[in-house]
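Now, the feature entries from TrEMBL:
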{"type": "DOMAIN", "residues": "9-361", "note": "domain 'UvrD-like helicase ATP-binding'"}
{"type": "BINDING", "residues": "Ala30, Gly31, Ala32, Gly33, Ser34, Gly35, Lys36, Thr37", "note": "ATP binding site"}
{"type": "DOMAIN", "residues": "405-693", "note": "domain 'UvrD-like helicase C-terminal'"}
Amino acid sequence: MDIDKTMREYDVNEEQAKALDVEKNIALHAGAGSGKTRVLSRRFLRLMLEKDADVDSIVAITFTNRAAMEMKERVRILVNEKILKEKDPQRLCRLNAIKEELQAANISTFHSFCDKILRENCSMAGLDPMYRIIEDVDRETLLTKIIRQQINEMMADRSFDEDFKKLFGLYGTDYYYKEGLLKDIKYLYNKMREKAMSADEVKDSTLVNISRFYKENGEECFEEVDLLEKIEMFIVTILKKVDEVFSKYKMENNLVDFNDLEIFTIRLLEDESLREHYRRRFKYFLVDEFQDTNWVQRKILYALVMEKDGAIPPGSLFIVGDVKQSIYGFRGADYEVFSSVTQKISENGEKLELSTCYRSHPDIVKTVNSIFKNLFTNFVPLKNVEGYQGHARVEYALVEKQKKDNDLWKKGKGILKKGSQEEVKDFLDEFLADGNDVPEDNNLKQEAKDLALNIKALRNSGFEYKDMAILFRSRTNLSGFEETLRKNGIPYCVIGGIGFFEKQEIVDMMNILKCVYDPDDKAALLGVLRSPYIGVSDDLLLEIFDKLDDGDKLKKVLEKKASGGLTIQERGELPGCFAKTESEIVINALELLNEMRQRACYYNISDFVLLIIEKFHVKEILLSLRNGAAMYRNIEKFINIARDFDSKDIYSPKDFLDYVQNLQEVSNKEAEAVLDTEDSNAVKIMTIHAAKGLEFEAVFIPEIGRALLYNAKRHKPYFQFSGEYGIIARFDDKITGKKGTENKLYDFVREEALERELEESKRMLYVAATRAKRYLCFVGEDVELKDDDKLDSFVKMLKSALKGEETIVTMSAGFSESEKDNDGIDGIIGNADNYVDTCIYADTRADEGKDVILNVDSSAYKYVRPDDDIVKDILEKIEFSPHYTIKSSFSISRYFTFRDCQRKFFYIYKAGLDSSRFEKDVEMLAGADGQAFISASSVFQGAVKGKLIHSILERIKENGGDMNEIIKQYAGLNAADEIEEIKRLIKNYKIAEAKYEKINPYSRIKTEREIPFAVPLYEGKAKTVYGVIDRLDIFDNNGSLEGCLIDYKTNRINSPQDMERLIAHYRPQFILYHLGFERLYPRIHAGIKLKGMYIFFLDVGEVAQVSFNAKEREEFLSKLDSTMEFIESHDSMEDYWCRPSCNHKCEFALLCE
């Protein structure tokens, strides 16, 4: 293969070009941000072009559906680019044919590929052709229900009495009552299915390997081995029954889960004739994210690519992945599969590396290499990309460890407020016991404060909120960080569902449901009583449980209530800590819960949730609280979850408790995140798992001091599962009460599992760190590292890796001491901003709510000039080059600012001065008298007015009403002149809309408004442009989808020449809108075309179409590219000129003077 030619033709580097050799089998080990998707898409096309492969003969496997869609889109774009450039008629014909064939391309996830094979061979697999694939949450809920039923049926069967006696004799009856047995059976069953093992295979493995383990280790079998074997064989019996019942249920209801897809496929491929059929059909396999595959998937792959002699035909297998990013062990993924297949490919193919990181700034890359070369064996360092401009930074914001609060009362209140359900139950069980060991995170508040301060510093330095991400390892302490962000006025958006089920309003709803369906749930009752719907204080609740000992009397009270209520005497027996009103509050709550229990059987779950909302006055109470609207929106989402549950038609209402629990677990393990959220300019909060494959300008990794194995060590399971050793029962001092008791096999397997978890945690840290482009901050408790310590926290990993290379400085607010001495970023940017805030505003802003009359001429801009020495001080501070330069992303508003006055651009976007605090940016609404009016309480820019007018019309259309009143209420306008002006613009809006409808008489399918977009300036390049489209109309034109973009303008129009001038002025804006549309919308609506782009000139009620040709578009994009290059490489104020025609009337006039 000609490497140089391939590099030119496919626009790749040398490493990537080598991976495009379609004559070889290749195992590509690709570092973070190294362009593996670029290689995959180009190899796919090269197979069709160079090998003339039929599209159906190529199978491309991705890890997620989103990745599959992205790869298909990249191949399509690549084909289109080649069509435009191709001169050879024969090759052009082939490219056009490929473009047509792409719709049928086999680009999908492993499970979708298995589904394809099963659908084609249903009868052979013994499946109904109309089978449904059930989601993980439904599988887990049905499985929980079946396990519970099977355990109860076996408990009622006297033939199992001896088995249960042995089991509960060893582990206690609470193992059944607290559903520990159910949880363990579910865990073991899922592990068994992940390995595609049958219960009989697990039985054989368990029996054989207990003896083998002890023989290999020179141990004699201790006397309890017989007991352990009987218990383990009994567990296998339960597993076998569960498997039979669950499989039968799925078959009878035409259901298939994701494990079934793999297992049925591998069984089908055991048929030699069928396997040969697919080997002839599928000749080329490309598999992405191979580090996250499992051994069953490897077996499927080998069945399809290997010849009878075990050889893999050259060029037929291409795998790509990164062992350092294997973080899905909980799903059964095993990175050793990647190593195994790499070794196999190396026999007649090649192992290659992609190591050039295009994502991150060289300074970030340097830090990543410094850390992980000491944490991973055989680490291949990432290489810097040349020409990456601007600055970057890595920070360590460490909090000194504080002593735990040993006051049991305070600890109890903290657990009631923020503890998990398990912690609350543990606390209630051990309330009066000594040595309660519930963890207290006394450092969390300081960690959250430090993180918030760093976010504010970044914002002042030119970063947008939407370019920042906080990546959590788990959701446990999310609420504390959310609270701090809210207090600091930092907008944020929680991505992927993490934290939703921990929201207090959702926890309260679940507690009510638990009390209804399980009257014995003490923790749920406690939660209901302390909720805002009942309102009993934490102090009182603790006193109640203190006086009621361990809760038995309370249980009796509830039992009496259920059987007919309390007598006056019984009410008097309530603890003396009740005041009369407090007693009535609790009694009323118990009566209401009893009423709900009696009603529950008559409702489906969604209607029952609505009844709870009504009876507990949920809406009224929540809306009266701070952030109440957001809380009630979460309740509405909860209602939708309940409706979705009802619509599945496979559950009883009581199953909803298990369903929500499983939905919570599944949502916390999502493999991908969707970032197109309504609140786009907000800090993104997500798990590290959900962030995989994404990138951000700034990344924060909190809780680095948190012990990674805390929960695993605290909750020691009664059974372990091993593919090699089968099921192993726990047997130790705590179980038997005898010193010296141990099961070395159990300890060995558990230690292996814990070690694997720690190794995966290292990989999670790597994934999190490599999401950052320009800023990376580690936040958390400072933990001492001793020589013999396990690296069981992120901070220990960092300290161990950077020992002797880089100093980790403890900082109180994310900045080092040297930076504090020099004012740091906050001093350079923030203090200058404060000077401007206090010195430049005119007195006219003081009378809030009153109308301020400003002349249209130069006197409209009125300033109070500060002393010269203050101005000089401001300028000196601005002269410091900002630590964070503008990143490689740009908006049209920034371009306009730069084009009009580079110095103004510097002040706003480089020095971080807030232009919204100055009066110049107010758009004047000129009256007939030549004056401009404006309300000090409501300032509307042109674009805002257009959207406002549209919103007012929608409000009138939906609800009717007087226009004047709606303008007053909806827009906050009171002055008669203002109302009349808005009414005039509304009238003109209607005129423009009527003209627009004549131009586009087709059937309008939908209208979308305020559509944010962020797309590459050039495909495959780092620079990004972003913006918000006012409005997009989608039409059906005889079966074809067509779109029209609309933008509202309120500029004054005095002549047709004014309109022409403004169309030319705004043409760059529409070029970017066009770019955003063509990159974004064909992915959402296949085949959609952009029919036209229009400006609504609301001042005169006219519609103008905006157009440009390919040359004009390319010239502007090239100019924008050059502008971004300039901004990236220039940080000094002197590099940015003032506008030559400047009249020094803008908000920054005195700084320029």
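In case you wondered, yes, glycine gets a Cβ from its N, Cα and C as well.
Because the structure is a prediction, the values reported are computed rather than measured.
Feature annotations (TrEMBL) mapped to structure.
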residue: Ala30; record: ATP binding site; Cβ contacts under 8 Å, 6 or more apart: Lys36, Val39, Val320, Gly321, Asp322, Glu353, Leu354
residue: Gly31; record: ATP binding site; Cβ contacts under 8 Å, 6 or more apart: Asp322, Lys324, Glu353, Leu354, Ser355, Thr356, Cys357, Val380, Leu382
residue: Ala32; record: ATP binding site; Cβ contacts under 8 Å, 6 or more apart: Asp322, Lys324, Gln325, Cys357, Arg359, Ser360, Val368, Leu382, Tyr766, Val767, Thr770
residue: Gly33; record: ATP binding site; Cβ contacts under 8 Å, 6 or more apart: Cys357, Tyr358, Arg359, Ser360, Leu382, Glu695, Thr770
residue: Ser34; record: ATP binding site; Cβ contacts under 8 Å, 6 or more apart: Glu15, Leu354, Ser355, Thr356, Cys357, Tyr358, Leu382
residue: Gly35; record: ATP binding site; Cβ contacts under 8 Å, 6 or more apart: Val12, Asn13, Gln16, Leu354, Thr356, Tyr358
residue: Thr37; record: ATP binding site; Cβ contacts under 8 Å, 6 or more apart: Ala67, Glu70, Met71, Arg74, Asp288
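Secondary structure at Ala30 (ATP binding site), as computed by DSSP, is strand. In three-state terms derived from DSSP, Thr37 (ATP binding site) belongs to a helical segment.
The Cβ of Lys36 (ATP binding site) has 21 other Cβ atoms within 10 Å, all protein chains considered. Within 8 Å of the centroid of the Cβ atoms of Ala30, Gly31, Ala32, Gly33, Ser34, Gly35, Lys36, Thr37, where the record puts ATP, the same chain has further Cβ atoms from Asp322, Leu354, Cys357, Tyr358, Arg359.
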